[in-house]
Each structure stands twice: as C-alpha cells, then as structure tokens.
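See below for the structure under consideration.
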Amino acid sequence: MGDWSALGKLLDKVQAYSTAGGKVWLSVLFIFRILLLGTAVESAWGDEQSAFRCNTQQPGCENVCYDKSFPISHVRFWVLQIIFVSVPTLLYLAHVFYVMRKEEKLNKKEEELKVAQTDGVNVEMHLKQIEIKKFKYGIEEHGKVKMRGGLLRTYIISILFKSVFEVAFLLIQWYIYGFSLSAVYTCKRDPCPHQVDCFLSRPTEKTIFIIFMLVVSLVSLALNIIELFYVFFKGVKDRVKGRSDPYHATTGPLSPSKDCGSPKYAYFNGCSSPTAPLSPMSPPGYKLVTGDRNNSSCRNYNKQASEQNWANYSAEQNRMGQAGSTISNSHAQPFDFPDDNQNAKKVAAGHELQPLAIVDQRPSSRASSRASSRPRPDDLEI
C-alpha cells in the first residue's frame, strides 16, 4: 500500500496544538487505523479478487459477480475514510501555521517600533495595537498559541466535520456491505447463463477485521463528541472566569495603563500629585523640613515643635506691639495628622514627601528671653 509517512508527519504536528481529547483521537488514528491498515488488513484482502470463484466456466461471469458483491474494496474504502476524517484536522493545522506566520510578522514589526521608540518616536499606540492583534490571534509569550477566537472556531468546526464524516462512512459501509461477510454469494447477471454461486476466501477473518474497524470508528466518533463538549464548556468557563475575575480584567493585555504624568488625573489613577499640599501651613518665616509622616516619634515631635513655634511667634508679635487679634490662640492648637489608615492608602498610592520638624532659621538669644520678662516703657499700666 502507499506510503503514509507524509500524512503522519502532518498529523503529528497537530498534537502540539490540540486538546487532550484531540491527542487521544490522533493516537487512535495512527495506531488502530493507519498502522493496522498498512499491515494486517492489507494482507488479509490481498487475494480478494483472485480467490473469488464461481461455479461456472462462462468468461466474464466471475468479474461481474465480484463487481456486484463488492462495488469497492474494503481496504480502499477505509483509506478514503481515513483521508476524509483527517482533512478537517489538516485544515486546522493550516490555520495554526497562518497564525504562526502572523506572529512572525507582528514580532518583526514590534521590534522595528521599539527601535524607533529608543530614538524618541511616540509609538505607544502602535505597540498597543500589536498587543491587541496578538491577543486576538491567541498568541501568548514565548510563541505559544492559545486556542482562542478564530482558532477556537476552526477547531470546533474541524471536530464537527470529523464526526459527520465518521457517521457518513459508517452508514455507507452498512448500506453497501453490512458488517459481516458470507462465504457464498449468489449472482445472476449477464453474461452468466444462469444463477451461479460464488465463494469468498477467508470470510471469517475478514469479518473480524470489519468489526474491529467498526469499533475503532465508533471510538473515534465518541472521542469527537466528548472533545466537542469539553471545548464548548471550557470556552464558556474561561469566558465566565474572565468576566468575574477583576484582577484578570485589570491586569490583562488590554487594560489601560495609569497616567501618572498628568497632575489632573493623578489622584484618579492611584498616583500621587506633585502639586498636592503635603504638610500643614506654617507661620511666616518658618520652613518645614520634609520627612516620613508614618514615623510615630517624628509625628509627636512635629506636633510639639509646631505648638512651641506658634507660641513663640505670638509672644514676639505681642512684644512688638502688634494687634493681638492678628493671631489668636486658636492657631496654636495642635495639628492632627491624618489617621493611619489614610496614611497607609497614600503610601500605597505613591511615594509622598511628608513634613518633619519645623525649624526656625533665626538664632535664639538670651537677651530676647530676658527682655521678655522685664517691664518696658510702652507697657500698659493697670
């Protein structure tokens, strides 16, 4: 019989892009159909016409009786069956090769865009379009092709056609031959002079092979149906999981990136705004040294330093004779920093600069401290 190596190599490449059911189906096709058909079955049917004898000497009678009994040889019929059930799988393989070719083109274009990006060209939109196309074709990292979108539909269609071909060939075989062979066939056709009996060689052995090939066809049909349900429910499960998983939805290849460079949308994107007020207002002439607001000791020290600075500032204003109502004692109330929960949220959103101790740039003098307790000429007398 012909060489099956070319078909075997093509079908072997499909295993890398098939489900578990598809791999089992290919194993059944290779072992129990192609291998068995090329060895035992072909030898059993090798003498089917030469050993077909009829009880007549009329020339041509045996040929017409054989043609009536076996319109097509069982071996050739099974070869056609194998070819037809393999064609949908080969079409799916062609689609896989098409996707891989698309992947090569997209990767080449992506490399060119990245080179242009290093030169300062804005190609972010083009890179995102390439990622969307890869996701559409089912291309993942490291060249792995995932069954998704058009590739998944092609795989389902191939399973449907394989199942249809299996059923069709089983019905044709039952209509032409049945599923058993008789030892004697009665024939009455021209040029036979009368009704003649024809005898078939090894009918029991051939019947066993017919039943075996019938069982293999039924097993292949059952595998196709199981795989069809598996692919369908797996697709539904992945779709439901993709909708219900918020992490997957926000971290997928199509999720928009955060724009931390725009101060207008910084807070909505989970970024810290560079123009946001990071510390409470200080009295005029004082500077704030930034530090970590989460530190509890630094937070207590800042509170005490702020109270002391406000008190000193009020005393100096009163000493200089300014109106006491300009700064009330309410300004010297302690400043409460936000609670720890709000600090934790801000720290998680982005690194912020927080206030540390309030430092007075003016040097302190003993004369000023002593002069504050001595009476002055312009003091009010009661």
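Any Cβ shown, glycine's included, is placed from N, Cα and C.
Annotation comment: Swiss-Prot describes 317-332 as compositional bias 'Polar residues'.
The SUMO cross-link annotation in Swiss-Prot covers Lys144 (among others).
The DSSP secondary structure for Lys237 (SUMO cross-link) is helix. Under the heading SUMO cross-link, Swiss-Prot lists Lys237 (among others), citing similarity to another entry as support.
DSSP gives Cys192 (disulfide bond) a coil state; it is part of no helix or strand. Here Swiss-Prot flags Cys54-Cys192 (among others) as disulfide bond.
Proximity of Cys187 (disulfide bond) to non-local residues of its own chain (separation of 6 or more, Cβ distance below 8 Å) is seen for Cys54, Cys61, Val64, Cys65, Lys68, Ser69, Gln195, Val196, Asp197, Cys198, given in sequence order. The disulfide bond annotation in Swiss-Prot covers Cys187-Cys198 (among others) and is backed by similarity to another entry.
Sequence annotations record features per position, and here Swiss-Prot assigns phosphoserine to Ser5 (among others).
Annotation comment: Swiss-Prot describes Ser255 (among others) as phosphoserine.
Swiss-Prot lists Ser257 (among others) with the feature phosphoserine, giving a large-scale study or a structure entry as the kind of evidence.
The feature phosphoserine is assigned by Swiss-Prot to Ser262 (among others).
Residues annotated as phosphothreonine in Swiss-Prot: Thr275 (among others).
Ser314 (phosphoserine): 18 other CB atoms within 10 A of its CB, across all protein chains. Taken from Swiss-Prot, the feature phosphoserine applies to Ser314 (among others), supported by a large-scale study or a structure entry.
Here Swiss-Prot flags Ser325 (among others) as phosphoserine, drawing on a large-scale study or a structure entry.
Taken from Swiss-Prot, the feature phosphothreonine applies to Thr326 (among others), supported by a large-scale study or a structure entry.
The phosphoserine feature in Swiss-Prot is assigned to Ser365 (among others).
The phosphoserine annotation in Swiss-Prot covers Ser368 (among others) and rests on experimental evidence.
Look at Swiss-Prot and you will find Ser369 (among others) tagged as phosphoserine.
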If I take the alpha carbons of Lys237 (SUMO cross-link) and Ser314 (phosphoserine), what is the distance between them in whole Å? 70
